[in-house]
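Inspection log for the structure reproduced underneath, given as structure tokens.
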Amino acid sequence: MEPVDPNIEPWNQPGSQPKTACNQCYCKKCCYHCQLCFLQKGLGICYGREKRRQRTTTPYASKNHKDPIPKQPLPQARGDPTGPKESKKEVESKTKTDP
């Protein structure tokens, strides 16, 4: 494509830029407004500086992560230490009453 006027830069040639300015509308007509609009709006390609995104946390999600581990009951020794003594007493009392 030959420039119309060789003394003018290619980006200033007639027809190289649209007559209307770019806008924030995403309709079909505005997406095909110019090459820049097509890349950004139509294809979603933007070569600009990316902004940092802040994490959005919900109170429900943060609550789940902060729950402490449920406490487990303390391990108990097998058999009750007072159990065998009582059972012996019960056996002795039963044997005494039975004869």
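The backbone N, Cα and C atoms fix where each Cβ goes, and this holds for glycine too.
Cys22 is the only one of Cys22, Cys46 that Swiss-Prot places in the Zn(2+) 1 site (with His33, Cys34, Cys37).
Using the Cβ center of Cys25, Cys27, Cys30 for Zn(2+) 2, the list of other same-chain residues with Cβ within 8 Å runs, in sequence order, Asn23, Tyr26, Lys28, Lys29, Cys31, His33, Lys41. Separation of the C-alpha atoms of His33 (Zn(2+) 1 binding site) and Cys27 (Zn(2+) 2 binding site): 10 Å, rounded to the nearest whole number. Cβ proximity to the Zn(2+) 1 site centre (mean Cβ of Cys22, His33, Cys34, Cys37, cutoff 8 Å) flags the following additional same-chain residues: Pro18, Asn23, Cys30, Tyr32, Gln35, Leu36, Phe38, Lys41.
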